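Visitor: Would you mind keeping the following structure in view while I ask a few things?
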């Protein structure tokens, strides 16, 4: 039920001029240095009796199209270390070919992809996969990454390896990537890839229990709107 992710096509990005990022050391503190990890682990353990059956049910639904339920993909984590991110599969099996054909035939879509690394009309997404993405339910398996210490409940959006050249900032590398965060709650899909630098810098400066609780609360409203893609 596990497969490597398909659709990891990358095209040269037309990125804007990088914004100068202050090279300050990572802020340390009791919450950031220890209790954030404790909070993440405790929250996942408490939610597990509800979340695990939900993931199992969604996985069975994904399997109905004959493909695998889960996929994994290498992402960039804390201090630039690579880790295997888990998701429920939302793409068709021939995603690479469909994406290449679609971008070749649609110049505007190519520009959208180069700017945001996402497409509003993505030809790779299955009908059920679209529901998973809009509801963000495809990201539930990342709770396993949280338990392993590779991710946090709140943090920067996990970056693909081939996106590092598009990211001019440093804050991302000082934080564990998050299942949710400022990018997801404040910008989500209505922002450019480079705008994420500002969100990561802001979160890096404001990490606290109060901040994380606020972001998690805001995430509920964002997910309810079903604006993901």
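Cβ atoms here come from the backbone N, Cα and C positions, even for glycine.
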Visitor: From 42-62, 63-83, which range did TrEMBL mark with transmembrane segment?
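Guide: When 42-62, 63-83 are checked in TrEMBL, transmembrane segment belongs to 42-62.
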Visitor: So what's the average pLDDT for the domain 'Bacterial sugar transferase' (36-224)?
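Guide: Mean pLDDT for the domain 'Bacterial sugar transferase' (36-224): 90.
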